[in-house]
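Features as listed in Swiss-Prot:
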TOPO_DOM  1-39  topological domain 'Extracellular'
TRANSMEM  40-59  transmembrane segment
TOPO_DOM  83-98  topological domain 'Extracellular'
TRANSMEM  126-151  transmembrane segment
REGION    126-213  region 'Transport core domain'
TOPO_DOM  152-157  topological domain 'Extracellular'
TRANSMEM  158-183  transmembrane segment
TRANSMEM  187-212  transmembrane segment
TOPO_DOM  213-225  topological domain 'Extracellular'
TRANSMEM  226-257  transmembrane segment
TRANSMEM  287-300  transmembrane segment
TRANSMEM  308-339  transmembrane segment
TOPO_DOM  340-344  topological domain 'Extracellular'
TRANSMEM  345-374  transmembrane segment
REGION    345-446  region 'Transport core domain'
TOPO_DOM  412-415  topological domain 'Extracellular'
TRANSMEM  416-446  transmembrane segment
TRANSMEM  633-653  transmembrane segment
TOPO_DOM  654-657  topological domain 'Extracellular'
TRANSMEM  658-684  transmembrane segment
TRANSMEM  692-716  transmembrane segment
TOPO_DOM  717-724  topological domain 'Extracellular'
REGION    1137-1175  region 'Disordered'
COMPBIAS  1137-1146  compositional bias 'Basic and acidic residues'
Amino acid sequence: MEMEEISENLTASHSIKLTNMWLELLKSVFLSTPQDLPEIILILSLICTVGAFLNMHLKDFPIPLPVILFLIGCCFEILSFASTQIQIYADAIQWMDPDIFFGIFTPVIIFNVAFDMDIYMLQKLFWQILVITIPGFLINYTLILWYLQSVNKLSLKTVPWLLFSAVLISSDPMLTSASIRDLGLSRSLTNLINGESLLTSVLSLVIYSGVVHIRFKSKSVNHTLAHKVMSTAWSYIVESFITGIVFTKVIQLWMATIFGDDVNHITLIFSVLYLIFYVCELVGMSGIFTLATIGLFLNSTSFKPGVEAFLLEFWNCLSFIGFLMVFTFIGLLIPAHTYLHISFSDVYYSLNIYFTLIVLRLLVFLLMSPILSRLGHGFSWRWAFIMVWSEMKGTPNINMALLLAYSDISLGSERERSQILFHGVSVCVITLIVNRFILPMAVTKLGLRDVTSTKYKSVYYTFQHFQELTKSTAMALKFDKDLANADWNMVDNAIILQNPYAMNQEEITEHQKVKCPDCNKEIDETLNIEAMELTNRRLLSAQIASYQRQYRNEVLSQSAVQVLVGAAGSFGEKKGEYMSPENIKNFSESKKLLSFLRKLLLNWVYNTKKDKGVPSRYMFLHACHRIVFTNEFEYTGYLVVLMSTYPMIICWISRLKDIYDNEIKCANYYFLAFYILEALLKVAAMRKEFFSHTWLLFELGITLVGVLDIILIETDSISYNFDLTETVVFMNVIRLLRILRILKLVTPKLLQIIDKRMSQQISFRYSILKGYVQGEMDVLNIIDQIASSKQTKQILLKRVMRNMEHAMKELGYLEYDHPEIAVTMKTKEEINVMLNMAREIVKAFRSKGIIHKVEGTEINKLIMAKKIQVLDLQSVIQPFNVEEAPCNIPWLSEDPEAITFIQEKAKVVTFDCGNNIFEEGDEPEGIYVIISGMVKLKRSKPHLEMERVSAESEIKIHPLPHTEYLLSGEIIGELNCLTKERMQYSATCKTVVETYFIPISHLYEGFEKRCPNMKHKMWQKIGLAITAQKIREHLSFEDWNYKLQLKLCNAFIRDIPKSMKTDIYDETVTHVVLIHGSAEDCQLRKIYKAPFLIPVTCHQIQGMEDFTKVMIIQTSIAVRKFRWNVRKYIPPRRISMKPDSERESFETLDETSEEDNGKKENQENEELIEENINI
């Protein structure tokens, strides 16, 4: 018993010791923290705080922020020798390994810079950047290496010199981009500098890593130097580039289903980037080159709207933190005793290196300037000079210098390591200080600031217009009763902003004048080349903003917005050229390869069910016909072809061919016999029709070549026992062609894939054209702000209208050829618009406190789930047919009785291409609903919105489209049938048009007897369309969909009589739109003609025609209750204008009724409060 107890105790104690050992191991691995962790956290927080403070307050300081941070780090390192407490904090940083230092900060900085590049301009400048960064980089690198070895001050070997040359040639793309951002350089020059700086830094990092890798491989693998260089270049450049493209596609596909700024996905993609970097480094590729490739091919349109903004801010924040850490830590990582050994010769050597780099870089640019200037985009010696002085050295140079100084490569003594690090960092500091002073002066002296006098004046007047709008808004707020006792003098002084583009009186009154070459007459205003170029740039900027806005609203796809923005950006720097539908067509042309492949498959592969032919009367031929056209016979042929591939493959392998020579011959005889038998059976079954099929003749030709091969072998004309001759190779290739027969099996699937791909290309082209048309319509709304003078406005207006007409015609032809594509695109677009509006409603409810944050989050999840379902929506939706046409008419869709009535006498009318549906001046015959096709509406002369507007009116006057194209689903003749006026335009069919015709007599029969509300619905539909367009011109583009729909929910139609005045605006009315006829402002005596948004300053109008209608938009009920329930300011109750209400003046209401109404509302509010309290 005692022995058992002792053994049990020993076992228990042993298990306890094992448990304690595992616990200690887990604690040491997972729960241990370095003793200096608090010091590290304090230093990092202090660096971020100081760096952010200096960046905010020392932007214009002569000494750059990186130099200040470096000096702070140096001071901290020197003070660490004087104080033990400071030494503790310095040691917390100096333990960091250079590889960790490089791997933490460099990847995020390089990726962020690449991601922020303008990929469209880089594509345009591709050849210039390629010439600069490949031959130019190699020449510059060779010259730097030659200079360092010639001077040989540091007495290094070949490998350290190669690495130190890479340190000196590199540049910092982030600091370079920041240095030229506010200098006013042209867009082409700015992107050329940024692209060259990024690729130079990446190539220098690749060369540094490659040299280290080659040196490491030389110790372990015995290969020639050329083999090592080629294999390293292949893995570090080619493989890294391919990997970057693959990961780009994977990230785009992954992020395609992410909507909104989901923090989990943002964190995950950040982690994925570092994972990609370290995986590439582990497998022998360049992680930096891979990340730069991913950053260049990813851009803001690679992600769903709402994601890219958060990502960009997140990466900018990380890049800035990395920038602060690098320049502060490097001051700490240079040993303090290095400064004690600094002599004048060391400083002179650093200055010598700096000026030598400048001279060599300028020499390289001047040598390549003839080639660069011939590549276009205005390259000159001035550009070369600016590119030389704009180069900033920073993070890549410091990281490589740190790696070189602390690497295992033999550099001699510790002092030589410190000298390498000192000279590498000192050249960066000198570059940052000197170039900061010289670069702005060089830009000014060389006249490269892209700020012309016309542009300067335009910006001045734009700022002045902005100031006037601010003051006018303040004037309107003075009438608000809640702000009556505010100190408006202080408000007026507070909103006065100093114009940064102020000019003297002479510059303001000066007008650039040009003389006419014919009459030598001075032309006033600024209608010259400079003004037109400025207008073109603003136009392109407005178009790009419209395309990006459509993408954020999910109207445009990612690929479509990339093409549109790229096309617009490619014309930003081309003088005298502008974007047009022809240019868009070049970008959006579908690939013709798919059409060729589809025709090839359809022509080569015959359909057995269709080509059976007529069986012969003879028994033998009839039996052959039955055998040939069975599935068993066909699939037996496929099986034999598959079996014959193995001997054919063996024929190409010399060793196996010698071993199985007899077997291959026997197999060849058997297979050839089967092919001959198959051909004879097909000839007997199909007879003459056999020779009308290309594929059968092709197979017969291959069989005859096989027979010829057998004859040549048997007669010893050729032999397969020796090396392959041309004849043998030809015979083997002909045999392999028989494998193409297998394509007949997969042809249906291939055709489905090709058809789907072609459908995607057509959808892509449709999206581009529609986005372009919407962009031109958005430009029309702000054309007054774009044009700098009346003449440029007229030129721009004609151009925009012409381009929009051309694009609409192309869109119409595309929709006519592929109606299912148009229906699918419109359906998906409308679903996305509605879901976005639902999200805006949830956002508005949350801001007002109607729903809680948790409830809003749950609703948003449901909306996001629906948006993901839209991605999986069927690719093709068939257009509606004639039976469904009445259900798609807005004023019939919810009334089954009206639909039944309309269908009684409505009919389908088809017009040939070129026929007129009606001509201008004809009496209206009825309403035409376009089922399919395209109709061109044209007026005999341009029709202005306002023909009788007084001269002192300041209302915009834009000509309506002289020519317009209507597509399927649109309705013609509604307004003329309602007013019984003659047609104001001609309707011509540009294609075969199928319409759903409703006679006017039948329509009025419905108005009077069966469906009296139908007339009001038609006016409502017309009024909403006009009102939406007019209100859109005065709403913010960002959220106009939600605001507009919110406003149109409270709209109704009202007639304006000709014989009496009508009050329109009161506190319950937000907008009044004149949708038909004309009216006169009773106070200002201005005449407004439809369509027109009547200004708020107009309180009474009177009709000028027998038939005048307005659309009135009221505030929501909740807003009116809020306004009326203010006890201190109880306004007089006013009757809003309802469609059927009697006219009553706002001033004739009795005061007692006002008090009664106020008391009644107050009582209702008190009861409501009591009910809420009880609940």
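Every residue, even glycine, has its Cβ placed from backbone N, Cα and C.
Taking residue pairs at least 6 apart in sequence, the transmembrane segment (416-446) and the transmembrane segment (158-183) share three or more C-beta contacts under 8 angstroms. For the topological domain 'Extracellular' (83-98), the DSSP counts in helix, strand and coil order read 12 helix, 0 strand, 4 coil. Remark: secondary structure over the region 'Transport core domain' (345-446) totals 82 helix, 0 strand, 20 coil, with classes taken from DSSP. For the transmembrane segment (126-151), the list of distant contacts is 161-162, 164-166, 168-169, 192, 195-196, 199-200, 203, 207, 349, 352, 356-357, 360-361, 363-365, 367-368, 371-372, 375, 377, 379: same-chain residues at least six beyond its ends, Cβ to Cβ under 8 Å.
Within the region 'Transport core domain' (126-213), the DSSP-based counts of helix, strand and coil residues read 73 helix, 0 strand, 15 coil.
In the topological domain 'Extracellular' (340-344), the DSSP tally of helix, strand and coil residues is 2 helix, 0 strand, 3 coil.
Sequence-distant residue pairs (6 or more apart) of the transmembrane segment (287-300) and the transmembrane segment (416-446) include fewer than 3 whose Cβ atoms are under 8 Å, leaving the two stretches without contact.
The list of residues near the transmembrane segment (345-374) in space but at least 6 beyond its ends in sequence, with Cβ under 8 angstroms from a Cβ of it, reads 128, 131-132, 135-136, 139-140, 143-144, 147, 151, 153, 168-169, 380-381, 384-385, 387-389, 391, 419, 422-423, 426-427, 430-431, 434. If you look at the topological domain 'Extracellular' (83-98), the same-chain residues 6 or more away from its ends with a CB under 8 A from one of its CBs are 36, 39-40, 42-43, 76-77, 329, 332-333, 399, 402-403, 405-407. If one looks beyond the topological domain 'Extracellular' (340-344) by at least 6 residues along the same chain, the residues whose Cβ comes under 8 Å of a Cβ in the stretch are 415, 418, 422.
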